[in-house]
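In what follows, a structure is listed as structure tokens, so that the remarks can point back to it.
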Amino acid sequence: MLRSRTKCANSLLQIRKKSHLRQVISFSSRELGLTEHELETIDKLPFFDQDRVNTRKRYPTTKRQAYLNEKLPAVKLLFGEDPQYPGFISHSLPSMMPIPFEATQGTDEETIANRLSVTKLLTKSWCELRHAYDVYAKIPMFEGKPIIKGKEEHQRLEDETHSLAEEQRAFEKDFEVVIPDDDFHKLAESWFASLVKMVNLFTDGEAREVLCHGYLNKKKARLVEGPIIGDDDDDVLVSGIIDHLILKLRDVPVSNNVLPLRLENAIVSKNCEDIAVVFDQLERAGPNLQNKFEIMVSDVKTRFMRKIPSQPSVLKASKLQVMYYRYFMEVLGQNPQETYNKLLINAQRRGFDVNRFIDPAKVLSMMATDDMIRMDMYRLKNGDAIGFEPFDDSELNVSESATYDMSDYHDIITDARVIQKYSDFFEPWAKPVTLKYFAARLAQMYHHLRPLLSNKLMIEYYYNGDNFHNIIFEFDPKLLRESSSDSAKFWFGQRDIEPISRNLKNFLTFCKYCDYESVCSWKRGGNDMCKELGTDLAKIQKS
């Protein structure tokens, strides 16, 4: 027994030498009888990674310090000081405070009512206490160089895969009418872009930045699979953006590097002007497509060093993130009619009128970006059905005097190229273009992807533009259900905040880089525990 306790003390001692906790444990290796060989052996243990432990503490920049000067007092004011540690923030949520989900509603960061994002469900990717502090602070996350660089890398990858942004910029540069860019039209554009990207999967073999969403029930604390009632506040919208969808051969073993399979015109017609034709081609190719091909869901992580994260909780959260995406894609593909309704509820939760007309200038901009919807626009103009009953049978709740009319463009547009390509549309339309149209086509597209979804998922790690490592793993529905329920209980106030375990390894790998390190009562209490343990171990050694 004495020998095992001595070994424990030895381990603690070596951590003391390499950490900011050296003032807590104050006995030497000589006192514990540690040999040089034992020191060397302990030093080689995996959790004493020199690259991590010996990294100097990064002091905040002027901008970051200003950010902390605003955030830390705000959190201390809300949570109060810990009675045992004056000056340190309490790690318990005061009883008069709203639950975490209610605290997010109406903030600058979270302006959409009754909504969460996939990343917000990953409450234990780092430390849930830090996550909770940030939620109640209601201050947007500080965007340092790693975050900015990560966004740039995601944009670079998207631009390399899709020409949508380039085509749109080229059209808008010379277009003679102002093209709206408000949040309503941004949503319409993102739905259109996701539709085009998913079709491109079957020609180019990959798609990036594709929208998906699901719903989380408040009372039951679980993900919702069936239909959604629009005015039911118990079902919370959870939105996500899939970094990467990859088409591959089903029977080919998955290696560390999965290359997209370009089918060009083999399944669907490239540069097709009729999305209805694309759907018909996918329908006819269905059995053959499902037998030969599959679609992998993947997430892209950018790193500030050529190394994947070492913390198990971070890796688990990254896997769960991709599992959410995979799950949402499957549910969205189950029933096009239900998905159509879910998309409309999605828009309504964002505060948008699904019957509102999409500005004609925006519609022309979309067609200039990709002609895939051109024939559908003719159908709407002429009052014809698009072949999707929930949309074709729907009625618009608009004024009888409101008409969708592009006639003015005859007098406004002078660009011969635009006139030649789009003048057929410069007249009154029988049916307007609304979010309902894009919801209809997007719902059908999700349905065509569902049978191809692979149970193999992937995380791609990038450093300075180089995909240096991938992790491939299996979809685990049971783990996803358990984790989503645990997260729901946090957000909806059905359990207490659960900080990381108090041990030296966690202090080194988590607390060291936390904004709240200097004022966290949970860590301060952990330091005292370690100090007491060190004293007890020293006494054991002397006895």
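The backbone N, Cα and C atoms fix where each Cβ goes, glycine too.
Under the heading [4Fe-4S] cluster binding site, Swiss-Prot lists Cys127, Cys511, Cys514, Cys520, citing similarity to another entry as support. For Cys511 ([4Fe-4S] cluster binding site), the same-chain residues that are 6 or more apart in sequence and have a Cβ closer than 8 Å to its Cβ are Cys127, Ile500, Glu517, Cys520, Lys523.
The transit peptide annotation in Swiss-Prot covers 1-39 and rests on sequence analysis.
Listed in sequence order, the residues of the same chain lying 6 or more apart from Cys514 ([4Fe-4S] cluster binding site) and placing their CB within less than 8 Å of its CB are Trp126, Cys127, Arg130, Cys520, Lys523. Compute the center of the Cβ atoms of Cys127, Cys511, Cys514, Cys520, which mark the site for [4Fe-4S] cluster; besides them, the chain residues with Cβ within 8 Å of that center are Leu129, Arg130, Pro499, Ile500, Phe510, Tyr516, Glu517, Trp522, Lys523. Mapped onto three states, the DSSP output places Cys514 ([4Fe-4S] cluster binding site) in coil. A sphere of 10 angstroms centred on the C-beta of Cys520 ([4Fe-4S] cluster binding site) encloses 24 other C-beta atoms.
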